[in-house]
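Per TrEMBL, transmembrane segment is recorded for 6-31, 51-74, 86-108, 146-167, 179-198, 210-232, 290-312.
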Amino acid sequence: MPDVFAVPVFFIVFRETLETTIVVSVLLSFLKQQLGPDQDRTVYKKLRNQVWYGTLIGFVICLIIGCGMIGAFYGIGSDAWGNAEALWEGIFALLASIIIAIMGAALLRVSKMQAKWRVKLAKALEAKDNKHGKLGTRIKDWAQKYAMFLLPFITILREGIEAIVFIGGVSLGVSASSIPLPTVCGLAAGCLVGFIIYKGGNMAPLQFFLIASTCFLYLVAAGLFSRAVWYFEQHEFNKASGGDAAENGSGPGSYDIRSSVWHVNCCNPVLNGGGGWGIFNALLGWQNSATYGSVISYNVFWIVVILGFILLRFKEIKGHWPFVKSKAPNVAVTEERYSDGESSGFGASDKKVVVGAKPAAVDSHA
């Protein structure tokens, strides 16, 4: 069996595929519910293609980079990637965490403003590049236009490179014939879970789907943010120790005792594929060796998210940010949005009510 099916390889591929398919399936389910073929076929196809292009291009790039690194390892005899592996994984994890956090806040408001979102997404796709605008504005406009491309692209790139490098590491101790089958099985199992999530998202009510998927994505983002800090600290420790500390297993020498909050010799998410702990690490950021930085950053992430939602709610109710004067401080303006229904393709109409103003006269002869 070990000569045919390497269990660590299966868990590595399944873990990385699972995290990727969750992000892709949530995006596809959102697009189908919000901009399904029955509502706006053109915009739906363009955004759906963005998701698939991001997935495909990210997969091809990470495959080329990963194969090149593994080829260099066997050809040169030294692990060129290993010296900066933790650094790059930390950078990719940080970028993915920020993008998921920003997109999660936007997803929650979709059910309230479906018509506005359809118009907003359509305008973003059709907008022309402002060549004369500021660089920051142009980058922001470009990111909004291709948001559905960027998130799966970065996620695939990070997870794919990580999977290929890990497989290259564990494959040194196993026969080459034991790698293809677990790789295919891991990919198939991860895609199957993603397909189930996609189908479940399509059948669930929109508001329930948005809340459930956003909460889960925020758990993933919090884990990514914590792992990013952990990777940065691990990179510094690797430079100080003169090698990859993970190669020492889970015992002494595998972690920096000076910054350790807890350490257990079991439950390693990396060793021998990680098993279930590796999946736990990919989805929620579990580490058997936690540091001050990883624990504090996890809590800081949630504090920032909570404060962010409080500020957004304040602005939605008051019409302005805290400690910022509104444009009309003496007149409270509220908006009552009337919609023909969440599933309707018609836009919602806005009615502004000025508090304290006299009601409009009613024609009694009408």
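Placement of Cβ uses the backbone N, Cα and C atoms for every residue, glycine included.
Please treat TrEMBL annotations as automatic predictions, because they have not gone through curation.
Proximity of the transmembrane segment (146-167) to the transmembrane segment (6-31) is established through 3 or more Cβ-Cβ distances under 8 Å for residue pairs spaced 6 or more apart. Contact counts against the transmembrane segment (86-108), taken as Cβ pairs under 8 Å, peak for 210-232 among the stretches 6-31, 210-232, 290-312. Most Cβ pairs under 8 Å with the transmembrane segment (179-198) belong to 6-31, among the candidate stretches 6-31, 210-232, 290-312.
Residues 44, 47-48, 51, 55, 100, 107, 110, 148, 151-152, 155-156, 159-160, 162-163, 166-167, 170-171, 174, 178-179, 182-183, 185-187, 189-191, 193-195, 197-198, 200-202, 209-210, 213, 216-217, 220, 272-275, 278-279, 281-283 of the same chain sit 6 or more residues outside the transmembrane segment (6-31) yet have a Cβ under 8 Å from a Cβ within it. With a cut-off of 8 Å between Cβ atoms, the residues of this chain six or more beyond the transmembrane segment (210-232) that come close are 19, 22-23, 26, 29-30, 86-87, 89-91, 93-94, 96-97, 100-101, 103-104, 107-108, 110-111, 201, 204, 281-287, 290-291, 293-295, 297-298, 301-302, 305.
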